[in-house]
Amino acid sequence: MYDKNLEKEYYQICEERGYFEIDGNKTIQEKDKNFCIMMPPPNVTGVLHIGHALTFTLQDIMTRYKRMDGYKVLYQPGLDHAGIATQNVVEKQLLTQGIKKEELGREEFIEKVWEWKEQSGGKILDQMRTLGITPAWSRLRFTMDEGLVNAVKKAFVELYDKRLIVRGNYMINWCTHDGALSDIEVEYKENKGKLYHIKYFLKDSDEFLVVATTRPETFFGDTAVMVHPDDERYAKFVDKEVILPISKKAIKIIADKHVEKEFGTGVVKVTPAHDMNDYEVGLRHNLDFISVFDEKGILNEHCLEFQGLERLEAREKIVAKLESLGFIEKIEEYNNQIGYCYRCNNIVEPYISKQWFVKKEIAQESIEKVALGESKFYPNHWINSFNAWMKDLRDWCISRQLWWGHQIPVYYCECSHEWASQHTPKTCPKCQSQNFKQDEDVLDTWFSSGLWAMSTLGWGNENWGKDKIWSEKDLKDFYPNSLLITGFDILFFWVARMMFQSTNVLHQLPFKDIYLHALVKDEQGRKMSKSLGNVIDPNESIKEYSADILRFTLALLAIQGRDIKLSNDKLLQVRNFTNKIYNAKNYLLLNESKFEDLENITLHSELAKYIYAKFQTCVKDVRENLDNYRFNDAANTLYKFFWDDFCDWGIELSKAEKSSVKELGSIFKEALKLLNPFMPFISEYLYHKLSDTELKTSPSIMISKYPKFKEQDKNIEKIFSLLIESIVSIRRAKSLIDLGNSKIEKAYIKFNDKKIKDEIKAYMNFIIMLAKCEQIEFSEEKLPKAICDVSENLEIFITLENVDLSGILTRLENQKNKLEKESFKLNSMLSNEKFIANAPKEVVEQNKEALENLKIQLEKISVELQNLRG
């Protein structure tokens, strides 16, 4: 059995030799063939999860394929500083020591973060190595390294100067724990809440309007109530005033089409400082904007006696007070969608705050270029999602209230001058004063990672890292990147932002091809979660099975546009495949001690020519599938060639022609090159075993040339296909009369194409040996009193003379009776309306499928009985 412990040793040898670097395959590189793929930089706090494993596996398959195909390859690795996540980790660590970050101050806290990063961050890099991926590790980047800090400042200043980055008071998404969030950092979830109907009395009147709201704690910030202009019920109240309960402040009744007449009573409160839609209404009607709580969600002086309470805690107390004063008409159960912080799961508040924004106009050029087809999406339907999101793009809030991250390079002088600068200024450019300070906020993490496709190639780095981790010609050679592979879930977080940030600078889309894979789920299609107990940890899978087995399993399941349904059964299936090709090596080495490279021999064996023809078909299909990112089809093609064509038939047929083994071994070695991008370690191991070499003292298979397709004579495939069909058909006929593994005296073959028998005669030894027949005769007529097996191109006859059929007939009748009982039982269940209505859908489907299978089995047994009875 294959020893998976070799994987670490093999990886280390290849990394030390520099095979993963740009010129690691120098000896086979072809002119003007460049390939670049960017690793989505995982969080420095992260560990390898199954989604990473899928992304990195698919990226590495393409990287290894292109490297072996003569391309100069850059697989760019990196880590993301992960602002909020990293700051939270270090803050919690300090709190265990009784230290708050505020006690340290910003500068010392950031030093602590860097210490943590060097000691504990980046564990995921070692886990990537165990997966066998081959990025150019010497070029490892970190989104806070000095070169990328320079690039971020350059990008910011250029956008600032173009007025594409602006600062202003906006209604934003605000997390009371993590600060400002962009729209896509808010996750909306179904919420079981309440709808409060509150009486707002008209000024100087006993009449009142009933206002329906889900947020009674914000009513101190109401600056109007509104009705729909076409709602006749309330037309007479428009422009009058109502009195706010408790505070007794008078506010106006306005008419606005934003109101849904059917919602609640048709009268809604307007709180412009605490609701996205009300914010727009406030602008339209020139209303006051009154914030009723601070950045931590604590109610302020506008809330009178409730000042100092936390917003959600205050709700019940405010409602209780309103009830005691008779202002609550009724409270209803109400389901709605509420936004939560994607990071800490805190309820997000619409909040007016002065923040930095990237204007949506930045995206226009990238939208136009995508429309021209300059980037292709795989699967193609993702272009529709991309276009829809870009069409509705809003200004992007990029400032974050953190200490860890890229501090915004904007400076404020006491003379009121504001300016952006790539380099730390010594004096104010307007008044020459030294009394200025830098903006305290940092940039959204996605701003720096949005530059990844070009900043890692040296753009904006100034001279930091030049000729060590990037070179002057990198942008020319590798931009646009050839391919991006990532999960569809970060299309808008990351991919779209790289598209518009890079295009705005370089006026070219950053990627030629974009492959978006689906989610990895369990075999039932459920998301993996600890609560369901269905999480497959790639680190554990690698320990139990091997990196190769995990990689090949993921590739087999990676169908474009479909979720990957991963299970231990699938991993076991690939383990069996691994054992199959390992045993093929054992068989070959039983017959020969060493095998030549295929290019150094001439094929003489007809069997070897046939297997070589099948191999060439495999080469063609694998290349075509990889070129179109159909990873599952490429993996399936390899699986079928090794399992069916080579192991099941090549090896079996070679037992009738031992002289073919030497040539088959050379073909097997060449096929291992085809497999190498998917299963780099076992292919390396088997290749050296068959070559009688060791990786320690020989070049790796990973820098050998990837097999190229060569057209073959189809006639040899036709002949051997008929031989195999004959063997299978004879075996099937023998099994019907319980002679499965016994040698029989004679079998008759009737070919549909009568001319073919003359060509087949030269290969009769294969049929005689593998079908276990002493003699084969060709027939042009059907034989009476014979068992018959009909297949696509031929019929097989075995005479029934001297064969006792009574036991066989009894066995088949018993099988038939048993299947009929099972079929009757399932039919009854599926005819029962109560069962169909109450049973889980998947159970009903399973029963329908089982019934279909029973019908097929019954039909087959009936045909067998009919044949045996004549």
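Glycine is no exception: its Cβ is also placed from the backbone N, Cα and C atoms.
Note that the structure is a prediction, hence the values are computed from the model and not measured.
Annotated in Swiss-Prot:
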- Lys530: ATP binding site (BINDING)
- 800-870: coiled coil (COILED)
- 42-52: motif ''HIGH' region' (MOTIF)
- 527-531: motif ''KMSKS' region' (MOTIF)
Next on the checklist: Need one number: mean pLDDT over the coiled coil (800-870).
Outcome noted: 82
Checklist outcome for this item: All chains considered, the count of other Cβ atoms within 10 Å of the Cβ of the residue listed as 'ATP binding site' is 7
Checklist entry - With DSSP, how much of the motif ''KMSKS' region' (527-531) is helix, how much strand and how much coil, in residues? => result 0 helix, 1 strand, 4 coil
Item to check | Residues in the motif ''HIGH' region' (42-52) grouped by DSSP into helix, strand and remaining coil | outcome: 3 helix, 1 strand, 7 coil
